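Since the structure comes first, as structure tokens, the remarks are kept for the end.
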Amino acid sequence: CIQNTGFHEDDKTEDAVGGDEENRTSTVRMSPGREEDTYTQIKPYAGMPKEVLLLYSVQARYRLPREILFWLTIVCTLALVALTITVIVMSPRCLSWWQSSPVYQIYPRSFKDSDSDGIGDLKGILDKLDHFQYLNIKAIWISPFYKSPMKDFGYDVEDFRDIDPLFGSMQDFDDLLAAMHDKGLKLIMDFIPNHTSDTHQWFNLSSSGHAQYKDYYIWANCNTTHAPNNWVSVFGNSSWTYVEERQQCYYHQFLKEQPDLNFRNPHVRREMTEIVRFWLEKGVDGFRMDAVKHILEAKHLRDEPQVDPQQDPDTIDTEFELHHDYTTTQLGLHDILQAWRGEMDVYSREPGRYRFMVAESYDYEETDKTMMYYGTPHVKESDFPFNFYLMDLPTNLTGTGAQGLVNLWMANMPVGKWPNWVVGNHDKPRISSSVGQEYIKVINMLLLTLPGTPTTYYGEEIGMVNINVTIDEIQDPFGKFNPNASRDPQRSPMQWSDGPNAGFSDANHTWLPLHPHHTTVNVEAQQKDSGSVLSQYRALSLLRQTQLPLHRGWMCYIWSDADVFAFLREIDGLDKAFLVVLNFGADSVINLSAITELPEQLTLHMSTNQENYGMPVIKSSIATARGEGLLLEYSTHMRFNPGHASQCFVSEKACYLGALDILYKC
């Protein structure tokens, strides 16, 4: 400091005190009582000692800016915390993977053969994973591939912890699962809790009377000529089979090679829960719970009441001739399913790894039983039960009929739950064959524009139809009992190309015949055709993901008649909305002038008739041809749903805030 010009001797400082005010300086004593330690300083400088800093820091011109910055920082921090909390609280729950994507069902015997034996396998599925990315599908459900004697093509399980050699090995499964996860795909497995194969180790031990396993299945006293009661198998005839070794009958709701497990035995429940854990540890993303309504039976084993009381009891041999009061949907069933849901929730705690659960139960007109699989407001069960009501479209092929089937689910679904839609699977005839190929595009548009999750059975994306199977060619055990009910026609090999065996296999013979039209109806050909069933399916799948009104907005009925079913998709706060017009009858023109919430002119975003793309549409005259579907886009500040609550449905309500481009609860 000696060389700093701001420092002066005391006598010079005293001379300067009486000088001009601008040159006035301050005198600071470094050490009390020591005159030689005092110095003067004109202004603050870098490296000043603490005493000098304190001298200047209390001055208003330094103190006030500092305090202002401090409190401004506090206020901004609190505001950011409050805004973050508000956004979190007000933001609707993000849609999970099983909500944002269609589910695609693979029947593994028929999807792709990699080893030239004429039967599809796991490596074949691995080879075709790009197909799902092309379709913008993220969720893949694969029908059973457990080790099995194949009496019911995998639904008769010999070992729940092994892969049948027909489909590959456990290493093949691990490779498939890893590849799917690498591509952002999710794997849903079939879980078959109701029964095992009669070759399963448990059944062999139970048949021999082993102390630990004797009650793993349902046994009752009987003889070779008299069953314990009149219960009938789903596949026909008595559901009881006599075993000489035990001198008793065992119960089977399906084939005699599929004995029912006894879920009233806690050891059985524990065993099946361990199997669920085994596959969850493997990394599977979800389960389809097969035939859940059959899991429990009444302990009293009474005869079930006949549908026709006058029918001779000895002539009853089909399930539709009895009321199944004692063999389906028994008390305690939902406790079992909720326990499995709890196990899956444990594995869902891993970020980004939610484990999905869907229940399969054909309850027909008893919709209340189906809705119970959603669980309760306090106890979670399946994410949704499969909705099979759209499979009745062939007998309800009108605009009014289609709306009725949609409303059957939406009106009965518990508030806040997520809907889903199915038009085909491995048990039912292909929808293209049931209603005609001319309607496949409009049905796909219905599936992909309704709220909820659509499920697509392999081949529906290209419009595959049933094959003809002769009696000598029947493979299905149900078909062997009743050829008219064979499920083989809808299980034919996937049609990939116009090459040999439709690109499905290099074998000389496939397990089921191919449809003759595979030379024109195949994936390869339709990828090149912008107007094909496949191209339209892909466009709708992409649109469903990108357009807010389509994947989480309101759905409102606005029209139905003998030919046309029309509904709106809108979301509060967003000007953009969609009108879906679907023709299930003859050529038609509808007038929607009475719908004041619609603008006079709409834009044709998509049509199942490609030549109509881009045409302007006037709401007073919306024309559709037979089997045509229109997706019309419009802009409006008026919403239809506030004034028509009885016509509108939403699962997870959300509003759009354009200023911030976010969704919020409303």
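One is the number of the first residue shown, and numbering goes on along the chain from there.
Just so you know, glycine gets a Cβ as well, placed from its N, Cα and C.
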Stretch carrying region 'Disordered' according to TrEMBL (options 1-33, 298-330): 1-33
Secondary structure composition of the region 'Disordered' (481-500) [DSSP: H/G/I, E/B, coil]: 9 helix, 0 strand, 11 coil
Per-region confidence, the domain 'Glycosyl hydrolase family 13 catalytic' (105-491) (mean pLDDT, whole number): 96
